[in-house]
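Comments concern the structure below.
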Amino acid sequence: MGFWMAMLLMLLLCLWVSCGIASVSYDHKAIIVNGQRKILISGSIHYPRSTPEMWPDLIQKAKEGGVDVIQTYVFWNGHEPEEGKYYFEERYDLVKFIKVVQEAGLYVHLRIGPYACAEWNFGGFPVWLKYVPGISFRTNNEPFKAAMQKFTTKIVDMMKAEKLYETQGGPIILSQIENEYGPMEWELGEPGKVYSEWAAKMAVDLGTGVPWIMCKQDDVPDPIINTCNGFYCDYFTPNKANKPKMWTEAWTAWFTEFGGPVPYRPAEDMAFAVARFIQTGGSFINYYMYHGGTNFGRTSGGPFIATSYDYDAPLDEFGSLRQPKWGHLKDLHRAIKLCEPALVSVDPTVTSLGNYQEARVFKSESGACAAFLANYNQHSFAKVAFGNMHYNLPPWSISILPDCKNTVYNTARVGAQSAQMKMTPVSRGFSWESFNEDAASHEDDTFTVVGLLEQINITRDVSDYLWYMTDIEIDPTEGFLNSGNWPWLTVFSAGHALHVFVNGQLAGTVYGSLENPKLTFSNGINLRAGVNKISLLSIAVGLPNVGPHFETWNAGVLGPVSLNGLNEGTRDLTWQKWFYKVGLKGEALSLHSLSGSPSVEWVEGSLVAQKQPLSWYKTTFNAPDGNEPLALDMNTMGKGQVWINGQSLGRHWPAYKSSGSCSVCNYTGWFDEKKCLTNCGEGSQRWYHVPRSWLYPTGNLLVVFEEWGGDPYGITLVKREIGSVCADIYEWQPQLLNWQRLVSGKFDRPLRPKAHLKCAPGQKISSIKFASFGTPEGVCGNFQQGSCHAPRSYDAFKKNCVGKESCSVQVTPENFGGDPCRNVLKKLSVEAICS
């Protein structure tokens, strides 16, 4: 009897756990999961921007970094490339991705949208949607709403069928409908508001059992939670008092565009922004991005968004830790979680500590107390009095006190190591074969129309390329044939790039930019008496991903097209007979694939084309040993696309040099996307990620299509590895270890901080490049001695670190031969070479 009673009680307990407790709700303090308010740290990882083989490692590293939730968009055009034909495999296996997150013990925030933006091609919309009769995007339009509801319902039903919502025992605790709709609604007016209310009701009626959010939109209807996106969101307040303060996109930097420099965001400012949000009552923060990844294939939007979507995220494009950002934020998350009991219990009280300083204190009835001491001054340290103690606050920083007494973390004091990454060649170059693609002609698979057609309407985005071809008849009596003053061809295009061929010869190239994709070709061209063939190769570089009325956007040669300098004056070519051909011959033959590559006759050796436009190159190589991330150095090439074993690494365009000013960037002060830049005057993207899972042990096919003309012999396969590691630690820097000792009762006096150095597995510290205890200056990779320097700064590191994978050295004067300058705030800067 006792056995069966125990079994019955166990069954009832299981039912209670699965049915009674599994719930997600919210109040004004936080998201409530299974009855418990939670401070949630989230990170964006977009499943198609990495490979399934990378997912477990990325998610594990996010978890180790203190992340509780993985956030992702759902990419409609990846899942329904043709109307009614769905795809959920390989990089688009959404269910598998969510289950990998679940296996790691993390939650999921599923941003169904289905508009994504995300610098993704066409904002995530499938191009076929543009051609649904009567459609108008993201407004009170029946054809659009019907398509949106159908896809959203399909995704929700898939999640339910796999039991992936938290209320079913799964990891999904939040969903999002629409995306950043506030600016759109403001522009559209009443139709936008009606659509927004419809979208909210449609989503709630799907019955997911978890809350829905709408981001960057102040007037979302109940019960939807409105949330904030931006570089800072401490100012944000939800539109109802019963909703939690949530930050769905804390931008870790910004995207890279072809022709632009590479943005980055200092770890200190990122931590400051997050701490500032938490101290003002925020309880959910998502890093956009935590791992940015790669825009493989033709998935980048913009137009002109680069193939790399690195975003200066805590995990870099290749999946490696970006230090110190990953480590500094990990320490921040640990400090915040120590404060969680107080943070979720009460609203803060605010006390001024000076003109630019304040304290925000969370003190619960149960006795939990946490304090955030902030110094908003961008230029000066502050010494503040709080709770009968004094605290030193660096400029533009926040100190976190989980017991309202002891500082465990300051946003401007980085305890994590920095790492300098390097790209090491793993091959001496490749043995190439080439195939030259001629300018298209009327004899090719073409169709004819009088006048100029919009590009995407013709290509339906199956290719970046559309040929516009026409004939120009030149009378033998034309004056320019004798004078040598060539006639002037002018072509107006909606974008994004254009190659002009005259009688099969390249006459010029023009291209736009993200800010101004439209372009004009205007140049003299060499014509002969008789019939001349004009071939315009119009190129799309990703479809726009943001803005109103997607159905109206266009690309390609829309005209006018004219020829000046003839006896007749100007000849309008716009309404001539034009021949059209979608794509390239090499695309039609699938030259990039293992099966299609043998379909043409390639040349090799001295006959390989170099610096020739419209050239295809191929080679084979064996996979290198090891497990370091791999990339192709494409710096000697112009523009085109790259494939490995038939899989596209993305568009390459290293010849588009970046503009902008890359001046020294300080972490203090307001950050925006133009503040901190690198790569000025260089190619926007040199390195192109090669996923190891795409490689065979031997015989890998590498194919490059080059539009402009480059030198393929400069292409090299490289591995990405740590070149050196650094520590930059102040004396008496706050550290969590002292707090842990205090809580354990083993605290007698605070311990000095330590410099921790760690190379990658398989590497060892081979030498110490720099070490100085005193007042060193500079940053990792470029340290210099200051006016104060302990002469034995190197000794402890040579003794304790050289020959080891990792080491720790306490930052205390005794380790460096004594105090080199008393009554001066000192720090230790060290750089160790990994090999």
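Glycine is no exception: its Cβ is also placed from the backbone N, Cα and C atoms.
Keep in mind that what you see is a predicted model, and the values were worked out from it rather than measured.
What Swiss-Prot records for 1-22 is signal peptide. Under the heading active site, proton donor, Swiss-Prot lists GLU180. Taken from Swiss-Prot, the feature active site, nucleophile covers GLU249, and the record attributes it to sequence analysis. The domain 'SUEL-type lectin' annotation in Swiss-Prot covers 749-835, and the record cites sequence analysis as its basis.
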Using DSSP, would you call GLU249 (active site, nucleophile) helix, strand or coil?
strand
Taking only same-chain residues 6+ apart in sequence, whose CB is under 8 Å from that of GLU180 (active site, proton donor), what do you get?
CYS117, CYS215, LYS216, GLN217, ASN229
Do you know the DSSP helix, strand and coil residue counts for the domain 'SUEL-type lectin' (749-835)?
10 helix, 31 strand, 46 coil
To what whole number does the mean pLDDT across the domain 'SUEL-type lectin' (749-835) round?
95
